[in-house]
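> This is the structure, below, for whatever I ask next.
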């Protein structure tokens, strides 16, 4: 279990490094003003950030997801696996329930982590910046708003993570079965990458409008007086001002991110397990990867 956990953490780091620039673009598109939009779309946002802030601008807020990575993987792996065993048998419904339980519990870390990430991603470059880093951001929020401020957006995070993790594990299980992902298959890695990437896309599509609301709530008040009184008020104001399309803002960037993030995660997990388990090689010298580790460790929504 410790080895699987280590491999999952390594895969998660790879996924964060690959996907964070897309996440920065997504957040900026989600929260920009409709009256005076700064970006015309995903590609324009990428170009503008690089031009104005260099490539490093795409990695603003990176420290927060990296810091929370180990704890999130520990929670997801432990809760999903134990829940599935407690339910007694492996079925599509139980895969969904186990994934949903894992998604709900990891919100304790995911919500503050994403709050800091969002604030840093929206912070202007230069000496006048408000936050020095992820820890400083959370410390300042706690100092001004207390524990409630650190957990801003918790309900919307729960509404996003709980069903999306359920959908992810359900989809991943169905795809790995359909593709015939078995230990010893020389096409195992490409199949896992395809299953993981596709599952990530499906899970994001299932709850993306909630993610838009969460981002707006967590960014609210950063550049002026707070606008929203809660989730329903945010939905109402956003829809009234911008129509239903507001709930798809940043979707292209998110879907572009979803597949490579999961591909990087699964490739890294497979490589780590292959080398680390060399002592467990079969009679022909081929390392036997642990198929169940992949779906339990990879999570598409937070990292």
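Yeah, the Cβs are placed from backbone N, Cα and C, and that goes for glycine too.
Copied straight from Swiss-Prot:
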- 284-303: compositional bias 'Low complexity' (COMPBIAS)
- 282-303: region 'Disordered' (REGION)
- 2-86: repeat 'Solcar 1' (REPEAT)
- 90-178: repeat 'Solcar 2' (REPEAT)
- 185-275: repeat 'Solcar 3' (REPEAT)
- 2-22: transmembrane segment (TRANSMEM)
- 61-81: transmembrane segment (TRANSMEM)
- 96-116: transmembrane segment (TRANSMEM)
- 153-172: transmembrane segment (TRANSMEM)
- 187-207: transmembrane segment (TRANSMEM)
- 255-275: transmembrane segment (TRANSMEM)
> With DSSP, how much of the repeat 'Solcar 3' (185-275) is helix, how much strand and how much coil, in residues?
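Residue counts for the repeat 'Solcar 3' (185-275) by secondary structure: 74 helix, 0 strand, 17 coil.
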> Any residues 6+ beyond the ends of the transmembrane segment (96-116) with a Cβ under 8 Å from its own?
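For the transmembrane segment (96-116), the far contacts come to 61, 64-65, 67-68, 71-72, 75-76, 79-81, 83-84, 87, 131, 134, 137-138, 141, 150-154, 157-158, 161-170, 214, 218, 299, 301-302.
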> State the mean pLDDT for the repeat 'Solcar 3' (185-275).
87
> With DSSP as the yardstick, break the repeat 'Solcar 1' (2-86) down into helix, strand and coil residue counts.
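Secondary-structure breakdown of the repeat 'Solcar 1' (2-86): 71 helix, 0 strand, 14 coil.
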